[in-house]
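**Student:** For reference, the structure I am asking about is given below.
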Amino acid sequence: MDGEDIPDFSSLKEETAYWKELSLKYKQSFQEARDELVEFQEGSRELEAELEAQLVQAEQRNRDLQADNQRLKYEVEALKEKLEHQYAQSYKQVSVLEDDLSQTRAIKEQLHKYVRELEQANDDLERAKRATIVSLEDFEQRLNQAIERNAFLESELDEKESLLVSVQRLKDEARDLRQELAVRERQQEVTRKSAPSSPTLDCEKMDSAVQASLSLPATPVGKGTENSFPSPKAIPNGFGTSPLTPSARISALNIVGDLLRKVGALESKLAACRNFAKDQASRKSYVPGSVNCGVMNSNGPECPRSGRATFFHKGAVNGFDPAPPPPGLGSSRPSSAPGMLPLSV
């Protein structure tokens, strides 16, 4: 009570609740202390009874021990007599054993000398063994290093061979792409020059040029994309087996992407030219009065242009306005024209 600080109360109800709670707390503490006192009294009575029983047992044990002590005193007297008799006999035996001990010590000294000689020989053998083990470990380490170096060189040789194969394949594919690109550029120039006069005839010439370009020696068409583009780690720089730097790899990928976009644009132009030729032929057969078409030679029909009869945008035919180029390598490109093999890039 004296050590506790009485808080300030704002109302009589709070003060009443505080003192009531405090009284209940002290009442509970009093009840617990009284219970502990009762338990302590019961335990002390039980302990007193137990101690009295132990005292009775200790007194009985003391009487038994006194009887045993008296009996043991008689036994000690008898053992003293036996000990004196044994001492006389043991003295005789000790004299005999001393003679034997002197002889045994002489033999022991001889054996100690022999053991020292054996230990020296053993030390020499252990030193030789340690030297042999060290030399064997050194030889084994050098042998393992040589094996690892040979394995590393073999892996480098295998990697170099695979890189040489990849370089040759990439060179072949680059040559094929350059040939196809040159053929399509010539094809585009011829089509652009002759489109206003005879688009159908130009398309047929373009088909023949593409077929001629396909007859050139190139890499097989059936190669998949997974064989055409090796991983960045496998692309050599053409002067050694060291991999490309990140900037060179990015520039190479940009060049390949530009080539793919150009090829897609050329294919879209070819498809537009073919569609234009087919539409002109269908319009000639179904709308004979709108366009005056006649057969000029055996290469194909020649249709004069008419401003009111065409259904195509002028720029899409003469300018070969291509479709938007693909955003990446994985995007879809317009399908090739009929009769043409798809490019393996």
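The backbone N, Cα and C atoms fix where each Cβ goes, glycine too.
Per Swiss-Prot, coiled coil is recorded for 28-190. The compositional bias 'Low complexity' feature in Swiss-Prot is assigned to 329-339. Here Swiss-Prot flags CYS273 as S-palmitoyl cysteine, drawing on similarity to another entry. Under the heading phosphoserine, Swiss-Prot lists SER215, SER231, SER242, SER344. Annotation source Swiss-Prot lists phosphothreonine at THR219, THR245, citing similarity to another entry. The annotation region 'Self-association' is assigned in Swiss-Prot to 56-166. Among the features that Swiss-Prot reports, region 'Interaction with KATNB1' is placed at 64-189, with the record citing similarity to another entry. As annotated by Swiss-Prot, region 'Required for interaction with PAFAH1B1' applies to 114-133. The feature region 'Interaction with CENPF' is assigned by Swiss-Prot to 175-345. As annotated by Swiss-Prot, region 'Interaction with YWHAE' applies to 189-256, with the evidence given as similarity to another entry. The region 'Interaction with NEFL' feature in Swiss-Prot is assigned to 191-345. Marked as region 'Interaction with KATNA1' by Swiss-Prot on the basis of similarity to another entry: 195-256. Annotation comment: Swiss-Prot describes 217-240, 314-345 as region 'Disordered'. According to Swiss-Prot, the feature region 'Interaction with DISC1' maps to 227-278, an assignment based on similarity to another entry.
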**Student:** Can you break down the region 'Required for interaction with PAFAH1B1' (114-133) into helix, strand and coil residue counts using DSSP?
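**Tutor:** Secondary-structure breakdown of the region 'Required for interaction with PAFAH1B1' (114-133): 20 helix, 0 strand, 0 coil.
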**Student:** With every protein chain in view, how many other Cβ atoms are within 10 Å of the Cβ of the residue listed as 'S-palmitoyl cysteine'?
**Tutor:** 24
**Student:** Taking the region 'Interaction with KATNB1' (64-189) alone, what is its mean pLDDT?
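**Tutor:** For the region 'Interaction with KATNB1' (64-189), the model's average pLDDT rounds to 91.
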**Student:** Go ahead and report the DSSP secondary structure tallies for the region 'Self-association' (56-166): helix first, then strand, then coil.
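**Tutor:** Helix (H, G, I), strand (E, B), coil: 111 helix, 0 strand, 0 coil.
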**Student:** Helix, strand or coil at the residue listed as 'S-palmitoyl cysteine', per DSSP?
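**Tutor:** DSSP call for the residue listed as 'S-palmitoyl cysteine': helix.
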